[in-house]
Structures are given as C-alpha cells and as structure tokens.
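Engineer: Have a look at this one before I ask anything.
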Amino acid sequence: MWVKSCILLSLLAVATYGQAHLKYTKEANDPEYVERHVHSQGHGHAHGGHGHAHDADGGCPYAKAAAAEAAAAAAHGHAHDHDHGHAHDHGHAHDHGHAHDHHGHSHDEEDIHDHDHGHAHEHHGHSHGDHGHFHGAEQTRKAAKQVASEYQYTGALSFLNDAKTRLWVYGISATLLISAAPCFILMFIPIQANTSESGPLLKVLLAFGSGGLLGDAFLHLIPHATPAGDGHGHSHSHGHSHGGAGGHSHGAHDMSVGGWVLAGIIAFLTVEKLVRILRGGEGHGHSHGHSHGGEKKETKETKDKDSKDKDSKKEKECKKDEQTIKVTAYLNLAADFAHNFTDGLAIGASFIAGTTVGVVTMITVLVHEVPHEIGDFAILIQSGYSKKKAMLIQLVTALGALSGCVISLLATDADALADAAASSWVLPFTAGGFIYIATVSVIPELLENSSFFQTIKEIFALLTGIFLMYLIAIYE
C-alpha cells in the first residue's frame, strides 16, 4: 500500500515538473506574453525579492528550474507561485535581449563582451582626445616657430636679429628715405636755374609750393597742435559759459595755439627785417646775373648817362627782390628744419610701437613731404641757387628729421615725447612761419608780369598743392 503511495507521489511530482517546464517553454516563446510581461512592471516588483535572488545567480534557466523542482517537492501551491515568479524572472531576463537563449553562460559572456566593447570604445575616444590634444600642441609649436623665424636673418643681415639694433636701423633708414626720395623727384624737373626761359614753369612751381605751405599749416600743423577732443571740449565750454574753470582753461589753450601761430608770423617778419637792415644795400645778384646779364653789358658799353641811371635803378630793384627772396629761402629752411624735427620724433615713436605702424607713418610723412619739398626747391631756385645746390641744401634739412628720430629712439617714453612735441608751441609756431612765407614772400611773386593763361596755371597749381595736403590730412 505504501509502495503504491510512493509511486503515486513520484508520478505526481514528474507531472508537476513537466507541466511547469512546459509552461516555462510556452511563455518564453510566446511574443504576446513577453510583450505583456515587459510592460507589467508592477507585477514584477511584487515578486521582486525572489526575482532579484535569481538575478544574483546570473539568471541561469537551469538554476531556476532546479529551484522550481525543489519547491514542487515541498508543496504544490508554492511550486505554482514559484513557477509564476520564475516565468516573470525569465521575462526580466528577456529584457536583456536573451529571452530565447537558454544558455545563461553565453548571455553572461555577451554581456561581458558588450561591457568590454564599451570600455574599448571609451578608450578609443580617450585616444582620439589625446590625438586632438597632440594636434593642437603641434599647431602651437608651428605658430611659435613661425613667429620666432619672422625676423630671422642670415648672412649680411644677421645683425638685424637683435631687436634693439633692428629698431634703430628701421627708424634711421625710414628717415633717410623720406629725406632722399623728394630729391630723386626733383631730378626730373626741367629747371636748372632762375632764367627767363624757366620763369613761367618756376612760377607754377612757386604757386604749387605756396599752396603746399598753406595747406600744411592750416590742415596739418595747426590741427595736430590742437588736442583730439577739442571739438567736444569746445561745445562743452559753450554749454557752461558761466561756470567753470574747465571752459576757461580750454579757451586759454585755444588762444595759446593761435598765439603761437601769430608769434611765428611776427618772428619771421622780424628776422627778415633785421637781415635787410644789417645787409643794407648789399645784394647777391646771382639770379640777376643770369636774367639781366645782357643789360649789364649794355650799361658798360653805353655812354648815355640817362641809360646808365635807368639800368642802375632796375639793377638795384632786382637786387632788393633777390635779397628778399634769399632771406625768405633761409627762413623757409629754418621752418622746414623744425617741421622735419617733429616728423622725426613721430617716425621714431611709431617704430617703437611696431614695424607695421612705423611703415605706415613713414609712407604718410613721405607723401606729405613731396609737395612740400617741391615748393622749397622752387623758392631756392628763385633765390638764385642752381639746381644741384638747391638739392644739396634740401638734404641739410634732413638733419632735423634725423635728430628728431634719434631723440625719440633714445627717449624712455617716445610716445609721450612725440605727443608733447605735437601739443607744444613747435607746430603752431612753424605753421605761422609757413603762412608768412607763402603769403608775404611767395604769392607776391606770382602777381608780377603774368598773362591770363599763366595766371590760370598758377591758381590751379596753388589749389593742387592745397588739395594734396587735404587728401593727406584725411587719410593720415
């Protein structure tokens, strides 16, 4: 009897296990069940304790089946509950994408492989980052090498590798170039001396020079002597005309600039008057000798007393005119020397600020000096100098620019020195001298013995000189 009972229990256990296994297999291969189970998170959490225990053992189906068999041997109801939990846990395993794989070991390998692959990917990304860092460092080294080799000279120019030496060479060379370039242009002017044949062209050049002097004074020197914020300060002074020391101070500064311009005019007038008094009736009629040589011979050969008196009067008048023009030439050279001195200060300070700034300043000063030097050349020719001698005297004024450049390069604060010179009495005083030379000494020469067509050319030349200075003032 008990043997039959044991056999019956064994058959019941086998049937229960087979039913559970069949249920497991069916549920695992049923897509609808899997989909329902994946979305039913609440039911899974109800068996969370048991399910997590199965997750801890690696999610192996055989381990779960063994546990189900042991539970079935204890009680039928618990076996059913566990089977249901097992099925749910298996559904959880299906979330990993391995619901159809009954080999949990292979799943672990795949999971490990995935992890290793992710790690390898991260490592690859890290390597890529390292490569990017290396690429950036390489670019930095190339840029540094390019900057370092920008001023690398070899051979005869190797001395320019020293920054201080290079600064001096650039500054002095730029100053010499500015002084020599106008002389190169003067070589092509078809005037050799002050003769009657070259008179019309010389007057046109004098008109051009006077326009350059006036434009330089009113459009360059005087504006540079006035502070940059002058317009704003002026309106502010008018707005507070009853109140303040600030407006009074600005008005005093305006008066000082105009006062120095007047001082320059009066100083040049005084010097010319003193030279005339000291030299008296003496005159160096070098130019007169060229233009009136025939009249001299005629005076010596003629025995008529009236003719001698007329010729002597004409000669004295010409000598006085030449004497006046000579004094004007000297005064113009003095003013040009002072002007070139301030240009030299600006060139030195600009090269200290940088090579590019220095080159731009050099070009600006060069364009500014060309019409100015042509006018000086015409005044020197008019005063009796030959073309060669006038060009050599023009080079003497370059000493002013050289001295200004040297002082600027030696100064501890070249920018402050250049700004101080620009805002001091030097520029307005020089402007007054240029105004005096143009209006008192040069323009009166244009009023004598000119035809209508010659007058048109002279006025056009005068306006051209002013317009060139205007263009330079705009783009400076």
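Cβ coordinates come from backbone N, Cα and C, glycine included.
Quick caveat, the model's predicted, so the values are computed rather than measured.
According to Swiss-Prot, the protein carries these features:
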type	residues	note
COMPBIAS	78-98	compositional bias 'Basic and acidic residues'
COMPBIAS	106-119	compositional bias 'Basic and acidic residues'
COMPBIAS	127-141	compositional bias 'Basic and acidic residues'
COMPBIAS	292-319	compositional bias 'Basic and acidic residues'
CARBOHYD	Asn194	N-linked glycosylation site
CARBOHYD	Asn340	N-linked glycosylation site
CARBOHYD	Asn449	N-linked glycosylation site
REGION	71-146	region 'Disordered'
REGION	229-250	region 'Disordered'
REGION	281-319	region 'Disordered'
TRANSMEM	2-22	transmembrane segment
TRANSMEM	171-191	transmembrane segment
TRANSMEM	204-224	transmembrane segment
TRANSMEM	255-275	transmembrane segment
TRANSMEM	347-367	transmembrane segment
TRANSMEM	390-410	transmembrane segment
TRANSMEM	424-444	transmembrane segment
TRANSMEM	455-475	transmembrane segment
Engineer: Return yes if the transmembrane segment (390-410) and the transmembrane segment (171-191) have at least 3 CB pairs under 8 Å (sequence gap of 6 or more), otherwise no.
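Structural biologist: Judged by the Cβ rule, the two regions touch, with the required three close pairs present.
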Engineer: Can you tell me which of 171-191, 204-224, 255-275, 424-444, 455-475 gets the most C-beta pairs within less than 8 Å of the transmembrane segment (347-367)?
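Structural biologist: The stretch I would name here is 171-191.
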Engineer: Give the helix, strand or coil assignment DSSP yields for Asn449 (N-linked glycosylation site).
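Structural biologist: In the DSSP reduction, Asn449 (N-linked glycosylation site) maps to coil.
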Engineer: List, by number or range, the same-chain residues at least 6 past the transmembrane segment (255-275) whose CB is under 8 A from its CB atoms?
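Structural biologist: Long-range Cβ neighbours of the transmembrane segment (255-275): 217, 222, 225-226, 324, 327-328, 330-331, 335, 425, 428-433, 435-437, 440.
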Engineer: Just to verify: the residue among Asn194, Asn340, Asn449 with the fewest other Cβ atoms within 10 Å, which of the glycosylation sites is it?
Structural biologist: Asn449
Engineer: With the transmembrane segment (455-475) as the reference, which stretch in 171-191, 204-224, 424-444 has the largest tally of C-beta pairs below 8 Å?
Structural biologist: 204-224
Engineer: If you measure Asn194 (N-linked glycosylation site) to Asn449 (N-linked glycosylation site) at Cα, how many Å is it?
Structural biologist: 16
Engineer: Quick test of the contact rule: Cβ under 8 Å, at least six residues beyond the ends. What residues does that give for the transmembrane segment (424-444)?
Structural biologist: 206-207, 209-211, 213-214, 216-218, 221-222, 224-225, 256-269, 324-325, 328, 331-332, 334-335, 338-339, 341-342, 375, 379
Engineer: Is Asn340 (N-linked glycosylation site) helix, strand or coil when read with DSSP?
Structural biologist: helix
Engineer: Rounded to a whole angstrom, what is the C-alpha distance between Asn340 (N-linked glycosylation site) and Asn449 (N-linked glycosylation site)?
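Structural biologist: The Cα atom of Asn340 (N-linked glycosylation site) is 34 Å away from the Cα atom of Asn449 (N-linked glycosylation site).
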